[in-house]
Amino acid sequence: MLSLFVFCFIQSQIFAYCIHNLIQAANFFIFEIFRSSSKLLNTFTGHTSPVWSIDYSAFGDDQFICSGSGDRTVRVWDVETNKQIKSFNGHSGEVYCVKFSQYHYYNNCRSVICSSSDDQTIRFWDIKDNQQLQVFNGHTQFIGCISFSLFNDGRYLCSGSGDNTVRLWDVETSKSLHVFNGHTDVVTCVDISPLQCNNNTNNKSNNIGGNGHTICSGSDDRTIRIWDIETTKQLIIFKKHKNYVHSVKYGSNELGVNGGANTILSGSEDKSVRLWDIRSGQQIQVFNGHTNSLSCVEYSPFVVNNIEVGSNSNVICSGSWDNTIRFWDIRSNKNQLYVIKGNGKIYNGITCLTFQPLKKDRKSDKDIGCGINLCYGSSNDPIQIWG
């Protein structure tokens, strides 16, 4: 009987390990492992004002985190050494958003960061050559948000501004292609769809690469708007938020998120996280629990253990000025999975977050660690790594 028990136990462990590897091979990571084993791993210090934005990217064998801050600097951190390697000081105002430019890497093998600022400019910085490459001018107020296209190797960039507009730029030519007008207040967040939408229209094309893709934007006018890149027309307005919209994200078919690129996640000053269906134009879910304004929302690469292999990612997360990051089961309005709490004596609120996949997530065959870290910024300057 004991031998049979041991045999069954070993078989169950092998099965669990295989399931774990299958999920990770599909770009998913088991949430229960992250929740049970994660802890604060590192803190990047150097900024002297709130960290408003962070981004992660791997260029070849190098892994970087970049950050933008109220101290007007863009900083670059080496993930392997946990050291700051660059600081760019060209902005004359607070840096509100930073993104790594895949376009420059794919086309020119250059590691480049794009940043937007209160100084009404968008700037590009070459990490290796330590120089500014490009400056985009056109907005007449601060630029609080930017997002690159996933099509055409990231050639297109959209931006949202305090001048109430969304702009689309061609990174290759450094030209503004279109100005989207419709919001009646500050545009606080933007994103570009990862896949073509199902919009059927006979309007004349403007010949921008990636026909059928859309832009979503959130605003202090409490609305989320969907814009067709090809026709430049406004398609949908979501109006259920009761206060300023601070963050919007398209779902990703690459991660297998329920609904894929046909869903949008949003966070608001009204303390709620909401999920929207683009096809129906309706709100799907509302997640309540935060006690202060939302600063950021993300679809995560996590799955909970009780799903079938091959199912979609079902965990989303949100950061708030209540100094917590909360994880939610996308299938339930009420199922809050986990809360990470900042140190209230030091940090005043979560301002931004991103996920950092690990190149070497297992030190041995017996170690089936989570395989991904969570990076987040705070309003009191440190960048924290949790994993």
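For all residues, glycine too, the Cβ spot is worked out from N, Cα and C.
Features reported for this protein in TrEMBL:
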| type | residues | note |
| --- | --- | --- |
| REPEAT | 44-87 | repeat 'WD' |
| REPEAT | 88-135 | repeat 'WD' |
| REPEAT | 136-179 | repeat 'WD' |
| REPEAT | 211-237 | repeat 'WD' |
| REPEAT | 238-286 | repeat 'WD' |
| REPEAT | 287-338 | repeat 'WD' |
| SIGNAL | 1-16 | signal peptide |
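Remote same-chain partners of the repeat 'WD' (211-237), defined as residues 6 or more beyond its termini with a Cβ less than 8 Å from a stretch Cβ, comprise 147, 149, 151, 156, 158, 160, 164, 166, 168, 178, 180, 182-193, 195-197, 199, 201, 203-205, 243-248, 250, 264, 266, 268, 276, 278, 281. DSSP assignment over the repeat 'WD' (238-286) gives 3 helix, 23 strand, 23 coil.
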